[in-house]
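First the structure, in the form of structure tokens, and then the observations on it.
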Amino acid sequence: MKHMFINSKNTSNLLLLSLILLVIVGFVIRSYQIESHPPVDNDEFAIAYDAYSITQTGKDQWGVKMPLFFKSFGDYKNGFDIYITALMYKLFEPNIFWLRFPSIIFGTLYILLIFLLLSNITIDKKLIIIGTLLMTLSPYGIFFSRTSSASISQSFFTITSILTFIYYLKSNHKKLIPISVGSLLLSLYIYPSSLIVVPLLLSGYIFILLKKHEYTITILLVVAAFIVALPVINQYLGGGSMIRFQNVANIGMKLEINEFRHHSQNDFVSKIFQNKIVYQSFYLLKNFIYHFDLEPLIYLRNHVDQHDNGFPQVLIITFPFYILGFIVLFKQIKNPTYLIIALWIVISPLPSIIAGSGFNGKRSLTFLGSDIVLIILGLSYFHNIFQKKLVYFLYLICIIINSSIFVYWYFSPYKLLAESHLYFKTNKLYQIVKQNYSKFNTIVYTTKNLGEPQNPVLFACLFPPEKYIKIKVAKCSPWCRIQPFDKFIYMENIEDIIKYISLNIKDNKIIGFLSSDEIEIIKRKSCYEILSTFQPKKNYLNEKFYLIQFEQCI
Amino acid sequence: MYIIIFIFFAINLVTIGYPIVSIQEIQQLPNFILLLLPPNYLPIIRLFSLLSVIFFIISALSKLKNKKQLILFVLLTSPLLLILAKEFNILVIFVLIISSIWLLSNNNYFLLFASFLYIFFIYLNHSFNSIIFQQLWVLIKSTCNLTGLFFQNETVHEYIRIPKNGYFLESSLIFFLYGIYHLIKEKKSITIKYLLFLLFGLIIFLTYPSKYFIFSGIGLLIFILIIISYGSVKIKMNKFFVGLLLFVTVLNFAFFLESYFRHYQKKYSQERGYAKFQLMEKIKLIDKIVEITQDSDIDKLYQYYSYHYSMPKIRKISNGVWSINDCFNNKQLICALTEKEIEVNNQNKNDSRFYIVTNDNGGRAYFLTNVKQYEN
């Protein structure tokens, strides 16, 4: 089988050596400072605690035995990543490193996948090395390999499927079809984006198989796909996962329609032009084109959040070849391999678009690697120029310099921004509970300030899951709110906290994690000692938080 | 074919007053035109824009041997040309005429001459504005933005932004991309010809002292339009796709027209200065003093109105500091307060003594004191 997976012409020692080196570099960049950067978000804490709960009890935090979909906040997360994390926790210790380790591995193996994919597209060793280097240092590849967000693993299995299908097209080896389709169907259980990606990609496979007159395999494939997808369909139609789609419904669009109808007194013409179907189609088309627009592709954006580090997807030095890649792909579209690649490029933005967002790297992460394929196709247009060693090495150096800017950005300015603005309070609370759980009897904080971060505190003190399942009181409609439990007392307003303190002040081990505004209010009514002060390093909003211990006033 | 162009001309002529003449249009007009044309007749100046657009369309068609109907269709359904035909701007007219002559003469040296002419014009009329260089990145971002140009320019560009539309129809993106692709493949001399026009557009883009992309980027916008036309000439499609594309284009265009004629002015009346015109209309012929916050946009408008009406004296107040009691008590004084100023001075916005000047969408722009009593 070996010859099928690596083109024998390309398997020179240099190529393999480069691949090994790049995989090592890729692993190092993806795992460096992984425990502290980026800050852990609420979803990751939920995955961590559910995984811990599975290792301890075989049940999730809601007491359901080995579920396929985890209720979590009421959003019913797909289970794959949680089970992989549980496996890590079973083998090693439950902490942030092992939570993110599977993503690092998937992200690193992605380099290998792209190497194999490129080996099928070009026979030029130099271009394969460039492509593999681009994947190793890919801004989005690195970014999403460093969080336990499930999208990288979903994307990994989708690309595995595409790669295997391309191998099938080249070798006509029918045993590869179940591997390809199996891998694709597995992604259904990893991340909701696959609900859109899988049927469309599968339709592409079926189209090609039918063209090759593979009728029996096609029928078997459709039946198998339906059977495997049935639990997922059931989950989304009746099992509660629909909440994800309701959550992302476009409220802004409704407001716009109302505004425009108001302009024209809601007359007949406005009913034709201003309605959900017209607007939805308009936004779908606009957001689809936006995914290939310069702004997400090559501009450094000011906006950063947990799904976006602000750095462009494509390195500026490779951008002209990215555009050229489309032309090369378009010219060879009749070739089934290129047809599958084109389908991959067209399908990957759809989950993010259908979810109503303009551009969301996490939801459309299936694109990861397609940009590199396009760049390599574009570069192959100048095949002869890159045969010259000087040009080749100069271009490699340019890529490394351009990528280094990203690595610097990611580990320096972005790190500072992320530490200061993304889940700063949640991560501080996590650290406080982790370091002091045995030292206090009660910790108080407001939900106004911190939301309801039960998962960070549960994971910080590795709260026994059996006990949590028993004592937990929740209200779900459909997002779940957990009532205060054990040592964790959280209320909407600081006034409620003050009432609680006045009733329980005899207990001399009450600590609080409060903002400076809340401290100002509490100052007049309670006595306390400040234990520590926290503030973001880049403190634009002049935020300050205090860890205090309540005392009886003399 | 010429009948269709005539219909385009006639429709534009009938609707020449829409949208309202903006403060930006007035600001660049020489005083003698303002003296000649009272506010009601001012839209007539747009006739120059309309004629230059028609000249451009005819020039684009003149050298073609086939597909004339298609190009005419593409050009007449282009939002950009309709917008330009209904907005007076000297630079826009200049670029349209230059492009037309370039298309007719096919002479690249003409562009060189036009560039010098333009630079000379800029040198005479303006000092090169350093702001343009500070905003260069923002402007580049707004140019190289397919979604902004073809789908929705509201969030990307300022001034003349049609809700839910770009400067070009979504369907013309296919022609544009094909045009670019074909130019790359094309003979060098033809590619260079178009690159020179791009260069001409870039010179204007980099030097014209306006923060509005529709003006500074006019050369680039016309370049894109020319590429769209070029792409539509070169593209080879079967009848089914031609039919489909025409159908989509007609739908697109209908969507644009609805948006432009029924919503644009209402939604963006503020940036055209609608309320300022209403304010002038309200205070003209009143023998009082009007107090208003320092606003440079008002100056030329006030000057213009004073050519045709007896206008009250205007007193400018800096930093929004008002002797608010005077506004109500001194009956010889009209204060034009903004919503923010009302809030800062702790006044009740729903006080019945205020006469409210609104934007076209009903948004409250000015709160006038002592106007209601005068009416009574």
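Cβ coordinates come from backbone N, Cα and C, glycine included.
Curation does not apply to TrEMBL; its annotations are automatic.
Straight from TrEMBL, the features:
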- A:97-118: transmembrane segment (TRANSMEM)
- A:127-145: transmembrane segment (TRANSMEM)
- A:181-209: transmembrane segment (TRANSMEM)
- A:215-237: transmembrane segment (TRANSMEM)
- A:311-330: transmembrane segment (TRANSMEM)
- A:337-359: transmembrane segment (TRANSMEM)
- A:365-383: transmembrane segment (TRANSMEM)
- A:390-411: transmembrane segment (TRANSMEM)
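With a cut-off of 8 Å on Cβ pairs spaced 6 or more residues apart, the transmembrane segment (A:215-237) and the transmembrane segment (A:311-330) reach fewer than 3 such pairs and are scored as not touching. Looking at which of A:97-118, A:127-145, A:311-330, A:337-359, A:390-411 has the most CB pairs under 8 Å to the transmembrane segment (A:365-383), the answer is the stretch A:311-330. Highest Cβ pair count under 8 Å relative to the transmembrane segment (A:390-411), across stretches A:97-118, A:127-145, A:181-209, A:311-330, A:337-359: A:127-145. Per-stretch counts of Cβ pairs under 8 Å to the transmembrane segment (A:127-145) identify A:97-118 as the leading one among A:97-118, A:181-209, A:311-330, A:337-359. When the stretches A:97-118, A:181-209, A:311-330 are ranked by Cβ pairs under 8 Å to the transmembrane segment (A:337-359), first place goes to A:181-209. Sequence-distant neighbours of the transmembrane segment (A:97-118) (same chain, 6+ residues past either end, Cβ-Cβ under 8 Å): 5-6, 19, 22-23, 26-27, 30-31, 34-35, 40, 44, 47-48, 51, 81, 84-85, 88-89, 127-128, 131-132, 135-136, 141-142, 144-149, 152-153, 155-156, 159-160, 162-163, 166, 368-369, 372-373, 376.
Same-chain residues lying 6 or more positions outside the transmembrane segment (A:311-330) and placing a CB less than 8 Å from one of its CB atoms are 134, 139-140, 143, 296-301, 338, 341-342, 345, 361, 367, 371, 373-382, 395, 398-399, 402-403, 406, 409-410, 414.
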